[in-house]
Amino acid sequence: SLGRVDVDHAITRKMQLIAEAEQLKPAFMKEVDSHFTEFVNSLVAKSALLDSSSSASLFPASCSEKELHKAKTLRAPPEHGKIFTARRSLLDELFEVSHIRTIYHMFIALLIVFILSTLLVDFIDEGRLVLGFDLLVFVFGKFPVVFCTWLCMFCATVIVPYNLFVWWAQGYCSSSHRVIRSLFYQTAGLGLGPTYIAVSYALPPASRFIVILEQVRLVMKAHSFVRENVPRVLSSVKDKSSTVPIPKISQYLYFLFAPTLIYRDNYPRNPVIRWGYVATKFAQVLGSLFYAYYIFVRLCIPLFRNSSQETFNLRGLVLCIFNSILPVHCWLNAFAEMLRFADRMFYKDWWNSTSYANYYRTWNVVVHDWLYYYAYRDFLWFFGKKFKAAAMLSVFTVSAAVHEYVLSICFGYFYPVLFCLFMCFGMVFNFILNDRRKGPIWNVIMWTSLFLGQGVIICLYSQEWYARQYCPMENPTFLDYIKPRSWSCHMKM
């Protein structure tokens, strides 16, 4: 009897210890992961200091002390910047967990339900299966023009910035001002050309998005290439080196296709290409496209087509916003796999953010890195570290202006809803919902504001689109282009 009691007590104690260990396990693993990450980052940073440029060309002549002083003052102090390491995409790791993979399967099932619903409704209305995709055909129209425009943009981005940089680097002392001016004018030409094509050829919305987003991406790539390599040339001038580091054209070409906006001569690479993985990612991109198609066809277009024929009123706006709250990085992963690009940290766990500051840093790491290193840090270097708030405001302004430029060109009208949300609510939430906010309630508040903001954007831009279709103007003035048509358009059924 006493032995049985001792065994029961031992088993109970063992279960308690196991339960306590399970409770301590997450905190322990988090602590180990934190220290291990710091150790690896420190190791990578130290090894990066030992890297030297492998490609170099002869420096034509030595510069005067005046030129050396000017070179020193024209650039920011040397910084290591972003460190690229081989790491997997966060969602790829999460999808190995069966519970997360089940949620992904639920979204696939929902897409199938959308397809079946559309087919059944069309069969009931038309008496036959309607398999046409009129909306997709329309928005992706004039594809030959899009392809030719992209090809010209890409060739110009390869030829102009690279050759002008090489010309400047090889003759820095004698031709710096002339080459920099030429680079500026050529970049301006690259910026205006695609915009002119998109407007003059009246490209449909999705085709315009392809052209304009590629324009923005290539301009950011060219800026990163120049910004990262100019300090290297100036350092060689300062050190009176007989060689100047100039990247190979193959390195620049790889960077133009790589899923990053930060230039490096070399990136960590995977040993092989998993073509099955590439096919899966492209299939997911195609599935996301059809997901958006069915959401718009079944839920958005019927709502906005009717609401845009009514007089603008607050009640209709509120109902439209709440009806527009719909759930919204396969492309980057696919290209990363084909290029054997090993650093897949394109995003972090933004869905767990309890502050907008953390959300802005994690939801699009590729763009955030560019803004942080070339907008925020360069601003602080130029004006001083005391102006951090002004630097943050400048980053928000640049980001909001570029987003509004893209939407204005692609939709064909100026309606700065996104700009106002970005500069007003985005800035306010960035300071109010900061990194000091912790706890689940702040995550709920952040998600609520994201849903509301998405609803406002979809609602107002869609209303304006249909208002301009229903209420065209024969001889519009400049004010007619910037005045919202949805505020005054009214058509009776």
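Every residue gets a Cβ built from N, Cα and C, even glycine.
Taken straight from TrEMBL:
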type     : residues : note
ACT_SITE : His403   : active site
TRANSMEM : 103-124  : transmembrane segment
TRANSMEM : 136-162  : transmembrane segment
TRANSMEM : 183-203  : transmembrane segment
TRANSMEM : 282-304  : transmembrane segment
TRANSMEM : 316-336  : transmembrane segment
TRANSMEM : 387-407  : transmembrane segment
TRANSMEM : 413-432  : transmembrane segment
TRANSMEM : 444-463  : transmembrane segment
Candidate ranges 103-124, 136-162, 282-304, 413-432 - greatest C-beta contact count to the transmembrane segment (444-463) (under 8 angstroms): 413-432
Residues that sit under 8 angstroms from His403 (active site) by C-beta distance, when 6+ apart in the chain: Leu418, Phe419, Phe422
Recorded stretch, among 103-124, 136-162, 413-432, maximising Cβ pairs under 8 Å relative to the transmembrane segment (282-304): 103-124
Distal contacts, the transmembrane segment (136-162) - CB-CB under 8 A, six or more residues away: 183, 186-187, 189-190, 193-194, 197-198, 201, 203-207, 210-211, 214-215, 218, 221-222, 225-226, 249, 252-253, 256, 289, 293
